[in-house]
Amino acid sequence: MSDEGVWTLIESDPGVFTEMLRGFGVEGVQVEELHSIPIYGLIFLFKWRPGEDPIGEPVETNNVFFAQQVITNACATQAIINLLMNVNDPKVKLGPVLEEYRDFAKHIDPASRGLVLSNSEKIRQVHNSFARPTFYELDLNTPQYEDNYHFITFVPVGNKVSGELDGLREFPLEVSAIPEGKSWMEVISPIITERMRRFNDGDIMFNLMAVVGNMMEKYTKRREEILELFKYPCSCSYRRENARRRHNYLPFIVEILRILAKEGRLVPMVEKVSACTLFSNNFEDVMFLVNFCLISRCF
């Protein structure tokens, strides 16, 4: 049987999604299990049930990029591309494949966008490179006794949260406005929690992943900054020491001696230092001790 035009099942794993992004040419993001870090969007895998009530209200697609799923087994790629098309951050570079798709599809309807996506050979190849025969993903032709699993996306767009960017629906759904002073994650968290409660207790039939900034790029940049600081060992200390070496302290010492003499304190100090030399006749020893004493008192 020919593989031309066939989309295979892939695994719900952050590593798979991250490498799939690299295959598309996307830079600046990766996919992780949900943690408390800045998040561009969420990908929610759940057990699909026909006729289940959606979260949110249908909205026009003018402000939200949304593509319908028009081919079986493509919902994982559909979910992450729907998410990425709504990320507005200069750090995220879509790469030539997805930029070409976005530019071509942004002025057409959701169904046509899904058709264009399904006919992208490069996107299909990247998707199929992660195929595993034991994975669960929505297959509309699956017999009724088997469970169907499906991916949807939650992503902030402007001051709203667009939830259930679900390729099986005709329109994207708007979940909630984002109140002033709150993050979009504070808004969406209880909504997703409520969605999870719909499932049977103790039966984990969902998975939640987050698209975040590329941590490798972040830590690589930080590492380079740290290495630059240590490029020259003790460079900060050396600069301070060399600044002291270059400074002319003689006017300062002369002024201190003048003030001490004016206050009548210089002669007793000299006599004290002289006594410490055990009446040494070595003038250099005496002057060294005088300078040392004066400078020590001043610093």
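Any Cβ shown, glycine's included, is placed from N, Cα and C.
The following features are taken from TrEMBL:
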type	residues	note
DOMAIN	6-213	domain 'UCH catalytic'
SITE	Gln69	site 'Transition state stabilizer'
ACT_SITE	Cys75	active site, nucleophile
ACT_SITE	His150	active site, proton donor
SITE	Asp166	site 'Important for enzyme activity'
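In the three-state DSSP assignment, the secondary structure recorded for Gln69 (site 'Transition state stabilizer') is coil. Separation of the C-alpha atoms of the residue listed as 'active site, proton donor' and Asp166 (site 'Important for enzyme activity'): 9 Å, rounded to the nearest whole number. Residue density at Cys75 (active site, nucleophile): 24 other Cβ atoms are found within 10 A of its Cβ, drawing on all protein chains shown.
Under DSSP, the residue listed as 'active site, proton donor' is assigned to a strand (E or B) in the three-state scheme.
Mean pLDDT for the domain 'UCH catalytic' (6-213) in this predicted model: 80. Annotation note: Cys75 (active site, nucleophile) sits in a helical segment as assigned by DSSP.
The highest number of surrounding Cβ atoms within 10 Å, among the recorded positions His150, Asp166, is found at Asp166.
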